[in-house]
Amino acid sequence: MKQSICLLGATGSIGDSTLDVIRQHPEKYSLFAVAANTNVDKMVHICRTFRPAVAVMGSAEARDELVRRCEGLNIEFEWGEEAMCAIASAAEVDQVMAAIMGFAGLMPTLSAIRAKKRILLANKESLVTAGKLFMDEIARFNVTLMPIDSEHNAIFQCLPQNENGFSKSHVSKLLLTASGGPFKDWSLADMREVTPAQACNHPNWSMGQKISVDSASLMNKGLELIEACWLFDMSPHDIDVVVHPQSIVHSMVSYKDGSVIAQMGVPDMKVPIAYGMSWPNRITTGVAQLNLMDVATLEFSKPDLERFPNLKLAADAWFIGGTAMAHLNAANEVAVDAFLNNRIGFLDISKINERVLNELPTLAVTNLERVFEGDRIARNLAETIVQSGKYL
Ligand SMILES: NC(=O)C1=CN([C@@H]2O[C@H](COP(=O)(O)OP(=O)(O)OC[C@H]3O[C@@H](n4cnc5c(N)ncnc54)[C@H](OP(=O)(O)O)[C@@H]3O)[C@@H](O)[C@H]2O)C=CC1
Ligand SMILES: CC(=O)[C@@H](O)[C@H](O)COP(=O)(O)O
Ligand SMILES: [Mn+2]
């Protein structure tokens, strides 16, 4: 039977790759619903090409423009978070691709979990901020959670699998690879002057702006460290971050008998997306086969926490626990946005993150309200710091 997909974040980079996989397998997948925030141009194109039953935009204005430009199409047009939660939990849907950028993705993803959909999780920020509650809901509703983030998808592929997902039998460590980003070998003095365009120029992956900046500051790896802890029930002590500039080894699992299993491939998100959609089977993606003779060299080294303090901040946030991870994520979302708008320098991002993490008291994540409150106060503090111009 065909699997029906709800695609949250349809106009983004993960959205593009997901639509490509669906397009390649019309006999296996259909697109029931799509959601995006402001990009009406791209949504018009998606609606005309894929004819989903429902399309949701972030605002009434964007929805109204979409309606005008899709005249004659038999599509229901909605707007707002409630409508995104509704499509993510709709009876017609089997799988939900959670690919909204940032904390905004949390509620629609939780809605999909509570409706027992297969979750294709790209939106790492929702798991980082609400980790315990998120994983408790996954267990409570007995939901299949497929990691889409390339490293976590790789780890999932390298773990022993069973009908429920994975086991950790005989696992010693997870080896989480990091490209090092565009400034891997840059001095702090040079990094001080970088532009948003330089920071978004990832050496190996074509991605949205926010995650590209995160990769450049190693905050992406920090978020991924926390993501791996929640997904695989590990601690940062059980996970080594390994800088691997070629992004060919997407991550590895080290076993107690001395074996290390790696998942490799050309860096293209269609691979983990297709794997998540088709698991426990595999489907074709059109991605080129890896030719190791062409790659020739695979390098591995330790991350430099002095030049890239965000990675350590993320581990700190994990050990502080509770709302600390929501605070760090919120500070980072504000700081990255300020950097992209030329309001602060690149190195100020980690300084703002550090201040917010250290200055806010944390609470245990006993309910969702605490996560939202932690997100709100951290955003306010980060914005105040940006406006003050005093980052440390
Ligand atoms: N790109 C990649 O290769 C990878 C991405 N990820 C994760 O996947 C997620 C998406 O990344 P990516 O596709 O690169 O990001 P993009 O910036 O390319 O796309 C973001 C998508 O989210 C939508 N969006 C943004 N804000 C809101 C909001 N408030 N409400 C509803 N929709 C919103 C955007 O809509 P609009 O265009 O209308 O603004 C767009 O569709 C992130 O969490 C990222 O960390 C993880 C691994 C790899
Ligand atoms: C494609 C993907 O999963 C990104 O999260 C990628 O990992 C970014 O690369 P680095 O953060 O390692 O630079
Ligand atoms: Mn990743």
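Glycine is treated like the rest: Cβ placed from N, Cα and C.
Take the NADPH site that TrEMBL assigns to Thr11, Gly12, Ser13, Ile14, Asn123, Glu125, Gly208: the candidate from Asn37, Asn39, Asn142 listed for it is Asn39. Record note: TrEMBL gives Asp149, Glu151 as Mn(2+)-binding, and the candidate from Glu76, Glu78, Glu81, Glu224 in that site is Glu224. For the 1-deoxy-D-xylulose 5-phosphate site, TrEMBL lists Ser150, Glu151, Ser179, His202, Ser215, Asn220, Lys221, Glu224; matching the candidates Lys124, Lys132, Lys168, Lys173 against that entry yields Lys124. With respect to their backbone Cα atoms, Glu125 (NADPH binding site) and Glu224 (1-deoxy-D-xylulose 5-phosphate binding site) stand 9 Å from each other. Each residue contributes its Cα atom, and for Thr11 (NADPH binding site) and Glu151 (1-deoxy-D-xylulose 5-phosphate binding site) those atoms are 23 Å apart. Screening the binding-site residues Gly12, Glu125, Asp149 for a C-beta under 6 A from any atom of ligand 3 leaves Asp149. Compute the center of the Cβ atoms of Lys124, Ser150, Glu151, Ser179, His202, Ser215, Asn220, Lys221, Glu224, which mark the site for 1-deoxy-D-xylulose 5-phosphate; besides them, the chain residues with Cβ within 8 Å of that center are Asp149, Ala178, Trp205, Ile211, Asp214, Leu223. If you take the Cα of Ile14 (NADPH binding site) and the Cα of His202 (1-deoxy-D-xylulose 5-phosphate binding site), they are about 15 angstrom apart, rounded to a whole number.
A gap of 14 Å separates the Cα atoms of Lys124 (1-deoxy-D-xylulose 5-phosphate binding site) and Gly208 (NADPH binding site).
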